[in-house]
């Protein structure tokens, strides 16, 4: 019987020791072996200065790491399912005990102790060991792709707001700090009409739901209603924008001065007189909007009040008071007589005019800093944005807590919600514009130039982005 030498025995023990410290991966089928063999053949056909044996060892190690990640991913999915099942059980037990909606504290105290312990253990394990790994496996198929398709140049100062008509002809309206509002052809980018009736900055613009009328709010402490008639020009062939230089490489200073000071044939016609002037505010009118039906309008002002006016008589119907500081925005529901106002007092208020005899108001304190805007969506949701760097989505049927919270790295300015696709556009103080869906999932970030402030406030030009 052959006897092992001392050196061979030591070598064998060293190999076993190294093997015991390596990852323990089970090969459950022949598919992995076939894949490994195919990868080895591919490696042999590639040029490399590394020895083939070393490359083969590296391949084995990377394969083991990949399988470890796969196991963790599968394990995380199972943990998610168990957590959802336990949460359903906790909710069911809470409803059985109380017969209604319970807070998390009530659920924890009234649910069984053993179930709560198991749930907490699973949550702790999930957060501690797998959350970071699974985040790398999130699908990205829903992310939007955006590109610049048109620029609208003509204002001499910042643009505070923009709006699109709801009826034909479809035009774009912009409100600017240069004391004017402009109507544009969306297809050609040509200015169709310019309203110059305000004596101060034009802070917002909204179009009548059925007629060719516009409502503008201004720093001159008034809101104006004015009629317009425009004829859309013939669309020109779309230029190839793929070869255009990046916004960061363009200097608009000379071009802007020329466009702003020119009085040539390209100057669009102007209107100087309003059909109706709404007066009663003692401060800047920061926003205005039409109530459903277009017979009444609401305005929001820095005098801490929002006013409801009758369009035909221009008389003040109601003064909506209660905010402790300046109002920042107001918005009306597209199908119901509801108004939401936001303020620097960190709150937004929901005003209900559906019952003519009762005008109820609800105050919501979901933010810790100025609420810059709160808007209705097509459904029964309200989206609020704040200087506290959060955006929250609320359900009108249950406004006690938000159904989604978006946390950002910068204060949020006047937000906008897509009517058809339920997408939230967030313009930030740091010049970023991000798109989110209603559940708080980030979809895209719009490109920007060094001269652009936000999507709604642009230095002497407004930009429309097409997302698909």
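Cβ atoms are placed via backbone N, Cα and C, with glycine included.
Annotation comment: TrEMBL describes 1-44 (among others) as region 'Disordered'.
Under the heading compositional bias 'Polar residues', TrEMBL lists 1-13 (among others).
Taken from TrEMBL, the feature compositional bias 'Polar residues' covers 22-31 (among others).
Summarising the annotation, TrEMBL assigns compositional bias 'Basic and acidic residues' to 32-44.
Computed over the repeat 'WD' (152-194), the whole-number mean pLDDT of the model equals 93. According to TrEMBL, the repeat 'WD' annotation covers 152-194 (among others).
The repeat 'WD' annotation in TrEMBL covers 195-226 (among others). Listed as Cβ neighbours of the repeat 'WD' (195-226) (distance under 8 Å, sequence separation of 6 or more from its ends, same chain) are residues 157, 160-167, 173-183, 270-279, 281-290, 292-294, 297, 299-301, 309, 311.
If you look up TrEMBL, you'll see 240-268 (among others) marked as region 'Disordered'.
Sequence annotations record features per position, and here TrEMBL assigns compositional bias 'Acidic residues' to 246-264.
Cβ atoms under 8 Å from those of the repeat 'WD' (278-319) belong to residues 161, 200, 203-204, 206-211, 213, 215-219, 221-225, 325-337, 339, 341, 343, 351, 353, 359 of the same chain, restricted to positions at least 6 beyond its ends. Sequence annotations record features per position, and here TrEMBL assigns repeat 'WD' to 278-319 (among others).
The repeat 'WD' annotation in TrEMBL covers 320-361 (among others). Under DSSP, the residues of the repeat 'WD' (320-361) split into helix, strand and coil as follows: 0 helix, 25 strand, 17 coil.
Note: the repeat 'WD' (364-404) comprises 0 helix, 21 strand, 20 coil (DSSP; helix = H, G, I, strand = E, B). The repeat 'WD' annotation in TrEMBL covers 364-404 (among others).
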